[in-house]
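Chemist: Please find one structure pasted underneath; my questions will follow.
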Amino acid sequence: MHHSPAVCLCCGAHICTRLSVCRSELQGETKILKLKNLRPKDYANYSCIASVRNVCAIADRRVVFRLTNKTAPASIKLLVEDPIVVNPGQTVSLVCITTAGEPAPSLAWTSGSGSLPEKSLMKEGVLTLPAIASEDTGVYSCIASNNVGNPAKKSTTIIVRALKKGRFWITPDPYHNDDNIQIGREVKISCQVEATPPEELQFSWLKNGRALRSSERMVITQTDPDISPGTTNLDIIDLKFTDFGTYTCVAALRGGAIPEISIDVNISSTTVPPNLTVPRGKSPMAVREGETVELECLVSGKPKPIILWSRADKEAPMPDGSMQMESYDGVLRIVNVSREMSGSYRCQTSQYNGFNVKPREAVIELIVRYPPAVEPVWQEVRQGLGRQVSMNCRVLRAHPSRVLRYEWRLGSRLLHAGTFDSRDDTDYIVRSLVREGYGEYTCDVINEVGPGRCTFLLTEFYYDTYSPLWQNRPRVYGYKLQWTQMNPSAVDRIMAYRLGIRQTGQQRWWEQDIPVEGNIQKGELITHNLTELIRPEAYVVRLTPITRFGEGDSSTRVVTYSAPINPDLREFHCSFEEDPVCMFTQDKNDDFDWTRHSAATRDTKYTPNTGPSGDRSGSKQGFFMYIETSRPRKDGDTARLLSPTFNVAPKNPYSITSPPVYCFSFYYHMYGKHIGSLNAFVKQKGQSTSDAGPVWSLSGNQGDRWRQAKISIHPTASFQVIFEGIRGPGIEGDIAIDDVTLEEGECPDPPSNPIRGAAACGVSSIWPLSVTLFFTVIIGQR
């Protein structure tokens, strides 16, 4: 019986939207149209249409399949050998051609390593690898696809010739229990290399520079099945004084295109097995966390073997991530020591480049001293006025653990201090909470290395979300609404919240229920996103708790639109490598602009004795910002560069007695005999630049090098940093800046600030201008 063929047409749909009103998830779906008992009238065009029926204005997607009596899957052929063995530096071309397929297949090349080499070129089925290297060794596959049946695939292997890792070892007479070389006994010299391909490897031996042939007393074997491949052995039977000398093992690949590897081994009366010791005073080694330490084992013997380092006290990786590290001088250098690196380290002789005897070993103890690790590192505590609050900070571990003391603070004010006795924790209790008691409490637990810190943010039962507003379309914005339920255990279980929202100035409320799963815990944060709010309208939001017995007390708040400000300012870094330059903008009220440039493209034809020769890292390709002081600029002209606006939420919502502190740092380059001035400002919301006053200022030639400035700032409202460059008396006055950083916390060891005293006054004097009024949501119930 004859059956007509069947054909399957596959169509895949992939739809995604981030618009909040649609709430669509990422979807991928395949639909199959299967035609059985194919007939001539089935040869036609077939259209697959993916549609969401214009939801979110997403248009339909269409793909057309043309089915004919010539439709056939792809077939290909490689016009290359398999494997292909080449020398490094050669150019390799892999040719792939199609032999069948309708419609015409598309050709692509892949590598077994995941991605093709960056230098590879592909054109019309030909993959070219110029200047091939050892790392390009692997399997390369040509894949042909025309959406009919499975893709066709053909592969070949490229092998790049290589010789590396030459090593040797000396084995004393195995029939005597003695590690030394002795006259009249046997001694074996082994030589090993890694060869690609291994079948092309060939060895030869020399004694004192003259070719050595295998004989009854000098037995040469090319391979040893008991040892890994790529090994040759020279057995000297019945060692004599005349056998002392230098033996050379030469490894080469047939064809001679790869440089040989020669290994010299000296056999004499001074050739002795190794010995390993730890220098006096080098164990135990005590070091502070973050420092660099060198663990040292003294190795004697001739020849000196490679030393292997590993952990002696536990199965743990070494600092580089491997289980074992090699050292040729017996020293293990560990940079940026961490507390997890404490313990015992074993140094052990390797058989390589030495004697193949029982390993010699020694153990060194490393002690890492570190500040106390404490818990909780950060915790939010919520309590109402007049209530008692207890905070507990516990020490988990510290080294040294003795002489621990603690300090409790509210902001910068010291509340209580003491030392630990037999306990490993400390408490601070507020008997009756007052309004001024809200804020950030810290407990520093201190040993001789430094402090560990517990932080407690004490707030009332409401939540003002940090930077809650976002904008996803020009006329639409969203708002993250968050709240807590005051004393949830004191009321009936809340089943849902009724959310009401209306535009200010209008009477109509829109309502929906927000279901609550399970019991609400004390201090639990509840979140609901308000979307499709029309900019710049404000909205009244009302929340009402619902239990099985009815509704509780409602609470309202007003949501007001303001232009979204930068994300949470924990760390900001700008090296001006991308354009736009980290949202920096030019001041419209100055005389000229800052210029983004790199030393590789900057024209220094007219001003050779000014400006940097590279960016802060020394790269001529890296970018920086600078002021060009050539004509038509005049003495005293200013250029100001404005950062984006950073949002700072006060840590205590009722006062600004402890504003957050940030480290503002940047690199500057002021070289040339006509250098003017560079000023840095911190302009807070509501201030003008002239009112702010500079927090940092410098004038005149500072030499042809980059220098760093660091300033601790205490903003109390959203703020910008501003760089002002002032042109000096001539054209050799280019000023540059790079790597601008804002990080939370005081500056560690800041460079001297030429106007620090004035800056401190300038910042502190504006605090009273930055009071923020908060509207709170407190959900309660009668």
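Each residue, glycine too, has its Cβ placed from N, Cα and C.
Feature annotation from TrEMBL assigns domain 'Ig-like' to 73-157, 172-268, 274-365, 372-459. Residues annotated as domain 'MAM' in TrEMBL: 572-749. TrEMBL lists 602-621 with the feature region 'Disordered'.
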Chemist: With helix taken as DSSP H, G or I, strand as E or B and everything else coil, how many residues of the domain 'Ig-like' (73-157) land in each class?
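Modeler: Across the domain 'Ig-like' (73-157), DSSP assigns the residues as follows: 3 helix, 47 strand, 35 coil.
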Chemist: Please list, for the domain 'Ig-like' (372-459), how many residues fall into helix, strand and coil according to DSSP.
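Modeler: For that range the per-state counts are 3 helix, 56 strand, 29 coil.
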Chemist: Taking helix as H, G and I and strand as E and B in DSSP, count the residues of the domain 'Ig-like' (274-365) in helix, strand and coil.
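Modeler: For that range the per-state counts are 3 helix, 43 strand, 46 coil.
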